[in-house]
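A short worksheet on the structure shown next.
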Amino acid sequence: MTATPVLALRGVSKRFGAVQALTDVDLEIHAGEVVALVGDNGAGKSTLVKTIAGVHPIDEGVIEWQGRQVSVNRPQDAQHLGIATVYQDLALADNIDVVGNLFLGREIRRYGIVLNEVEMERRSRELLDSLSIRIPSVRIPIASLSGGQRQVVAIARSMLGEPKLVILDEPTAALGVEQTAQVLDLVERLRARGLAVLLISHNMADVKAVADRVAVLRLGGNNGVFDVRTTSQEEIIAAITGATDNAVTRRASRTAEVQK
Amino acid sequence: MSIDKTSSARHAAVDAPGAAEGAVAAVDPRLLVQQEGIAGYVTEFKRKIKAGELGSIPVIVGLILIAAIFTSLNSNFLGPGNITNILVQMAGTGLIATGIVFVLLLGEIDLSVGSVSGLSSAIFAVLAITHGMNNILALVLALASGAVAGAIHGFFFARVGVPAFAVTLAGLLFWNGLMLQVLGPDGTINIPSDNVVYKLEGYYFSDVAAAYILALVAVVIYFWTAFSQNRRRQQAGVPARPVSDILMRTVLIAIVAFGVAIIFNQYKGLPLAVVIFVGLLVITDFVLRRTTYGRKVFSLGGSVEASRRAGINVTVIRITVFMIAGFFAALGGLFLASQIAAANQGAGAGNLLMNSIAAAVIGGTSLFGGRGRTWNALLGVLVIISIQVGLGIQGVAAPIVSMVTGAVLLATVVIDAITRKTQRSAGRA
């Protein structure tokens, strides 16, 4: 793990009209690390992801990219830095085959306008092989693939831009056991390649399985960053629901300090 | 189509990420690779039927049925004169249907193509014949009028956000009115036989060599493109078709091309109308399936959101697609004017609009966007014109023709709906 994080958020705030969506949020992600971002509905996970992805520019705070302060105001800014985001609704065209979807919007061309299908197919196979992704054929329409296969295709597509940070928004939601395992395997392979991965998830089992650290958001603010290996699932859930932050626990911690 | 059940290979790759690239075999045994030879075709064909991927099979079966029925009623139906007639007559409606295929690929509809085609013929006739303008210039202006009409539809649909159905319905009324206005009180302008538009359907390359040379050129070009594409695939190390496959397809195309050439030469020779129509089908098919523009049209038909996120300029694609539909409507209108050697007030009226949409759908273009080819327009219009001509020979009245065409259209969409259901259960919808 390098000393300088790939991405660091310092005191980030975001407001939508009267709603304070994010308050003074800090987050650090290092290369070769999977950070899970968890929190209850409305905790600000999606807003935070969108500020990193450039969909919503931040109001206050600092975004640092590899130690350098940057401004991310448009999705293109994030892409240029090397941030790839895979949203929950995947955004694949069902009627186009796997190769076409991988290269949608950045087709390899010959003579300026003619599709270079051969080169795109070769690069697709290379990419899928290097990620150990197995699909029946790269020439079948996306409609023929299972949910898990679509998810890995969407993640593979994000890899074409050679990003340094990949943001996965609920990649295992609505997937079966086998398919979830496929996606989690892929997440581990991304980490092995030295990428930083920000994983948004509701599923504690997934988080425990692949994440190195867990950042908990609650009501738009930080509610702790935990090391997955040394933290129990109950502690994380308590941080998400705020069970640790009520009158009872505050009193308990006060009395504990007094006794020291 | 099985998904990966053996996870040991993947775990090995995770444990040793550096070895992942070398460790994975280039060819996955589960890939849907077609076996070589005839046996491969039979298994592939069986798989496609089971999965509901009928493609053009229902239309071709339908055409054979139509030919068989009308030939049994009148042996002249498959005579060279009648076949030439059908193929020349289909160009007008077929060109309009080609433009409709583009719009259907977006999952939209253009109801104005009939009126736009009438307007184009009126503009040409008034400019070239009434005002004596240079014929070619008048032709270009007539075609441009179609593209401009399409651009207006596209603007209101893509920029303002009015449903295409409503915009083009307004266009249907407006352009028809404009056509009547342009034609003026006379109503009918005859097109003389030395006029360029008359020649669109009236000119035949009477030299026997013309049809054969064109057939030969087509076959050679097909073989060469397929062969060189295959060689590039082999060089890049991606799966390529067996050469026997290419040869078989080439032979099939050669049989059709030379068969049609022989039929043409037994009558008046190679019709200019067929050359233009088929030439434009080749070009549009290339544009849709082999260029970035075509890829964008298909992706918009599949998912607008995915296209937008991929950085595709949705508005530009939508407007240009409606311009293409308008252009082809205008061109088809000139062919239809050529057929009756006149521009008149009835141009673009009647069943033309419905026939051209029906042709695209009967040919196999999906009404829901994202699936179809411009060759569908040719197959579909062939069905419609064959029925019209065949029933015409039998002396069947127009109302019955309309009813039969309607029944065929219904049968087509029923087949489409059933195959889509089968496809969904086979995971290919």
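Using the three backbone atoms N, Cα and C, a Cβ is placed for every residue, glycine included.
Automatic prediction, not curation, is the source of TrEMBL annotations.
Keep in mind the model is a prediction, meaning the values are calculated, not measured.
As written in TrEMBL, here are the features:
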TRANSMEM  B:54-74  transmembrane segment
TRANSMEM  B:86-106  transmembrane segment
TRANSMEM  B:113-130  transmembrane segment
TRANSMEM  B:136-157  transmembrane segment
TRANSMEM  B:164-183  transmembrane segment
TRANSMEM  B:203-225  transmembrane segment
TRANSMEM  B:246-264  transmembrane segment
TRANSMEM  B:270-288  transmembrane segment
TRANSMEM  B:316-337  transmembrane segment
TRANSMEM  B:349-368  transmembrane segment
TRANSMEM  B:375-394  transmembrane segment
TRANSMEM  B:400-419  transmembrane segment
TODO: Mind checking which residues of the chain, 6+ beyond the ends of the transmembrane segment (B:316-337), have their Cβ under 8 Å from one of its Cβ atoms?
DONE: 91-96, 98-100, 102-103, 105-106, 108, 110, 112-114, 116-121, 124-125, 139, 142-151, 153-155, 157-159, 164, 191, 197, 200-201, 273, 280, 293, 296-297, 300, 307, 343, 347-348, 352, 356
Open item on the list: Please determine whether the transmembrane segment (B:349-368) and the transmembrane segment (B:270-288) are in contact (criterion: at least three Cβ-Cβ distances under 8 Å, sequence separation 6 or more).
Closed with: no
Task: Selected stretch (most C-beta pairs under 8 A with the transmembrane segment (B:203-225)) from B:86-106, B:113-130, B:136-157, B:164-183, B:270-288 - done: B:270-288
TODO: Report, as numbers and ranges, every residue of the chain located at least six residues beyond the transmembrane segment (B:246-264) whose Cβ falls under 8 Å of a Cβ in that stretch; write 'none' if there are none.
DONE: 80, 83-84, 87, 204, 211-212, 214-215, 218-219, 222-223, 226-227, 230, 270-271, 274
TODO: Considering only the recorded stretches B:86-106, B:113-130, B:136-157, B:270-288, B:400-419, state which has the highest number of Cβ pairs under 8 Å to the transmembrane segment (B:54-74).
DONE: B:400-419
Open item on the list: Check for me, if you would, whether the transmembrane segment (B:164-183) reaches the transmembrane segment (B:113-130) - at least 3 Cβ pairs under 8 Å, residues 6 or more apart in sequence.
Closed with: yes
Task: Same-chain residues at least 6 beyond the ends of the transmembrane segment (B:270-288) whose Cβ lies under 8 Å from its Cβ atoms - done: 84, 87-88, 90-91, 94-95, 98, 101-102, 105, 199-201, 203-205, 210-211, 214, 261, 264, 294, 297-298, 328, 335, 338, 373-375, 377-378
